[in-house]
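**Q** Pulled these features from Swiss-Prot for this protein:
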| type | residues | note |
| --- | --- | --- |
| TRANSMEM | 12-32 | transmembrane segment |
| TRANSMEM | 57-77 | transmembrane segment |
| TRANSMEM | 94-114 | transmembrane segment |
| TRANSMEM | 123-143 | transmembrane segment |
| TRANSMEM | 168-188 | transmembrane segment |
| TRANSMEM | 191-211 | transmembrane segment |
| TRANSMEM | 216-236 | transmembrane segment |
| TRANSMEM | 243-263 | transmembrane segment |
| TRANSMEM | 277-297 | transmembrane segment |
| TRANSMEM | 313-333 | transmembrane segment |
| TRANSMEM | 358-378 | transmembrane segment |
| TRANSMEM | 391-411 | transmembrane segment |
Amino acid sequence: MNGRRTIGEDGLVFGLVVIVALVAAVVVGTVLGHRYRVGPPVLLILSGSLLGLIPRFGDVQIDGEVVLLLFLPAILYWESMNTSFREIRWNLRVIVMFSIGLVIATAVAVSWTARALGMESHAAAVLGAVLSPTDAAAVAGLAKRLPRRALTVLRGESLINDGTALVLFAVTVAVAEGAAGIGPAALVGRFVVSYLGGIMAGLLVGGLVTLLRRRIDAPLEEGALSLLTPFAAFLLAQSLKCSGVVAVLVSALVLTYVGPTVIRARSRLQAHAFWDIATFLINGSLWVFVGVQIPGAIDHIAGEDGGLPRATVLALAVTGVVIATRIAWVQATTVLGHTVDRVLKKPTRHVGFRQRCVTSWAGFRGAVSLAAALAVPMTTNSGAPFPDRNLIIFVVSVVILVTVLVQGTSLPTVVRWARMPEDVAHANELQLARTRSAQAALDALPTVADELGVAPDLVKHLEKEYEERAVLVMADGADSATSDLAERNDLVRRVRLGVLQHQRQAVTTLRNQNLIDDIVLRELQAAMDLEEVQLLDPADAE
C-alpha cells in the first residue's frame, strides 16, 4: 500500500497507542469545542492534522472499505433513529430533490470542472461521485441549532444521499477500471433497483427485528439485536446489489415507529447509552482520521506533475463548485417547487431567501467522502495505476477541510443573520404530550389501584402526587399558586439530591469497612443512579 502501514502491521502495542491517541483526541477536541463554542469536527480535524505530522502516526491509514462496511451502517442507523419519521414524510419531496437531484448535479459539475483543469476524465468522474454527498455526522454536529424543518431536510438529505453517491461511485470506478460505459437509461434503472431493493431489505429486516423484540424481554439480548440490525440490513441489501444505505435508513425508521410499543424501558436505556458512546467515538475518530490524511496527501502530491500548486488550485476550484452548485440548486428547486404547487393548486410552504441561504451554506462534506476516496483501488483491471488516485485523495481532503472549517465555523453567524423564526412547534407538541400524559395518569389511577387492591389512604396519596404534577404541566406558569408549587417541588428535588449524596457516602463507607461486598454496593448504586438522573432532569422542572 505504497509503503504505508495499516494499524496492525507494527504490532499490538502501536495499535493500542493509536487507539488511545484517537480516543484522547476525540474527547479533548469535543470538550474544547463545546467550551469555546466551536464545532467539534473543526478541532478534531486540526488535532488529526497534528497527529499526522508525527512520522509513525502519519503512516497509519484506515481502509476506506472498512469505513463503508463497518462504520457507515452504525453511523447511519443511529442518525436515522434520531430523525423524525413524520418530518421526513412531510418534507419528502425536498429531501428527494436534494438527495438524488443535487447529488447528480454536484457530481456532474465537479467532474466537468476537474476535467477542464487537467484531471484525467475517469478520475474526474470518480471525484465527482466521491464529493457529491453531504455528511450525516457533519450535519448532526454542526447544524443542530437549526429549526426543526430545516434540520430535518438536512439530516434526511445527508442520510439518503449516501445511497445515491455510492451507486455513482461504483459505476464510475468500474468504468475507470476498464468496464464498459453505462448510458443514462441504464443508470436510472440502476438507481431505481438500488433504492427499491434497499427499501424492501430495510422493511424485511425491520419487520423481523420487530417480531423478535416483541418476544424478548432481556436488555442484553435486545441490545445485541440492536447492534446487529444495521449490519444485517446493510449486508442483505448489498448482497442483492441494492442500496445498503437505504436499507439501514428504512430499518431504523421502522424501529423508530414501532419502538414505543415493542421495546422495553430497560432495553431502550441500555441500547441508547451504547449507541451514544459508540457513534460518538466512531464519528470523532473519523474526523481525526480526516486530519491525519492531510499531511500525507500533501507529501504525495508534492512529488507529482504540477506538484502542490496545481493540486491546490484544482482543490479550491472544486470546493467553489461544490458550494456554488448547492447554492444554485437550493434557489432553483425552491422556485420550481412553488411553481409545481401553484399548478397543482396545493398550499405552498414559504421558505424565505435568508432561510434558503442557511440551507445552502450547510452542505458539509465529511468522512464518507474520504472513505470513498480511500476505497478507490490502487490499480485498474489491466494492472496500470489508477489514474490520479493521490490527487483524488488530496482534493477530497481539501474540500472536507474547507467546508468544515469555513462553512462549519461561519454557519452560526449565517443563522443569526437569517433571523430564522423561533421553532415553537416542538415546544407546543411537548406541552400537548405532557398534558395528555398527565391526564391519562389521573384517569388510569383509580382503575389500576382497584385492580391491585391498593389501600384507600395510599390511593389518596398517589392522587395528590399526580394532581400536583398535572397542575404544573397544565397550568399557566405566571399563576402565583402554580409558581409556589413549582418552587416547592424544586426545593424538594434539591433536598432529595442532597440526601442521595449522603446515602452514597454511607453505602461507600460500609464497602470501605468491608461490611458489604462490591456487588451489593453496585446494586444499590444502580438504583440511586436512576433516581439521580430523574432528579437532575425532571419533566416538570424544564
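Heads up, residue numbers simply count up from 1 along the chain you see.
Heads up, the Cβ atoms here are built off N, Cα and C, so glycines get one too.
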**Q** Counting only residues 6 or more past its boundaries, what in the same chain has a CB within less than 8 Å of a CB in the transmembrane segment (358-378)?
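**A** Non-local partners: 1-2, 41, 61-65, 67-68, 71-72, 126, 129-131, 133-139, 142-143, 146, 150, 153-154, 162, 165-166, 169, 173, 177, 283, 286-287, 289-290, 293, 322-323, 326-327, 330-331, 385-386, 389, 392-393, 396-397, 399-400, 403-404, 407-408, 410-411, 414-415, 418, 420.
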**Q** Return the stretch with the most CB pairs under 8 A relative to the transmembrane segment (57-77), choosing among 12-32, 243-263, 277-297, 313-333, 391-411.
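**A** Looking at each of 12-32, 243-263, 277-297, 313-333, 391-411 in turn, the most contacts to the transmembrane segment (57-77) are made by 277-297.
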**Q** Using a cut-off of under 8 Å between C-beta atoms, tell me which stretch among 216-236, 313-333, 391-411 contacts the transmembrane segment (94-114) the most.
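**A** Counting Cβ pairs under 8 Å, the winner is 313-333.
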**Q** Mark yes when the transmembrane segment (216-236) and the transmembrane segment (243-263) have three or more Cβ pairs under 8 Å (sequence separation 6 or more) and no when they do not.
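**A** The answer is yes, given that the two segments have at least 3 Cβ pairs within the 8 Å cut-off.
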**Q** Cβ under 8 Å, sequence separation of at least 6 from the ends of the transmembrane segment (216-236): give me the contacting residues as numbers and ranges.
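**A** Beyond its ends, the transmembrane segment (216-236) has Cβ neighbours at 69, 72-74, 76-77, 201-202, 204-206, 209, 244-245, 247-248, 250-252, 255, 263-264, 266-267, 270-271, 274-275.
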**Q** Could you pull out which residues elsewhere in the chain have a CB under 8 Å from any CB of the transmembrane segment (12-32), counting only those six or more residues past its ends?
**A** 38, 40, 43-44, 46-48, 51, 56-57, 60, 280-281, 284-285, 287-289
